[in-house]
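Worksheet: the structure to be examined is printed underneath.
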Amino acid sequence: MKSEKEKTSKKSAVLDWAKAIIIAVVLAVLIRNFLFAPYVVDGESMEPTLHDRERIFVNMTVKYISDFKRGQIVVLNGENEHYVKRIIGLPGDTVQMKNDQLYINGKKVSEPYLAANKKKAKQDGYTLTDDFGPVKVPDDKYFVMGDNRRNSMDSRNGLGLFTKKQIAGTSKFVFFPFNEIRKTK
């Protein structure tokens with residue numbers, strides 16, 4: 001027969017394990033829902049920056065502690081799916097594209113992340129981004145575009161503008177496939 005002390009010791013060990021598992025699950029849920037979350041890039045709209053089926057980690061705290069910045073790659077919560085795009089226009093901005101040059105509030109804006117796409121477009125005899133605008137971004141919205149401008153549904157052509165509440169967070173790095181791990185810029 002087992003002594004009372006042995007029974008209490010086993011019971012205590014089981015309770016300790018149960019507490020540890022419950023704490024781990026609660027922490028995982030909190031981290032996943034409020035700090036960082038994995039997302040899958042769906043489609044080619046962010047090529048060559050991000051590729052179809054890559055997995056990215058998204059910082060979800062940004063929207064609670066600071067404002068979004070122009071040029072950040074964000075995950076947007078649409079009606080039925082999420083989208084990965086780049087913030088181009090901030091609330092209150094006027095966005096225009098003319099002769100493959102982005103203008104924000106009437107000033108030229110450099111887009112170094114488009115260098116490879118612009119070079120290929122020029123070699124193929126077309127512009128990367130069709131002219132549009134000027135578009136005035138309302139005070140509570142963001143204007144977004146994909147880096148693969150010829151193959152991206154975004155604020156120009158169907159997705160419209162997004163509120164801060166619709167932005168899940170900012171992309172920090174690609175974590176899969178493992179041979180492609182890198183920071184996103």
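Glycine residues also receive a Cβ, built from the backbone N, Cα and C atoms like all the rest.
Features as listed in Swiss-Prot:
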- Ser45: active site (ACT_SITE)
- Lys85: active site (ACT_SITE)
- 1-20: topological domain 'Cytoplasmic' (TOPO_DOM)
- 42-185: topological domain 'Extracellular' (TOPO_DOM)
- 21-41: transmembrane segment (TRANSMEM)
Active-site residues: Ser45, Lys85 - member with fewest neighbouring CB atoms within 10 Å: Ser45
DSSP helix/strand/coil residue counts for the topological domain 'Extracellular' (42-185): 25 helix, 52 strand, 67 coil
Whole-number mean of pLDDT values that fall within the topological domain 'Extracellular' (42-185): 92
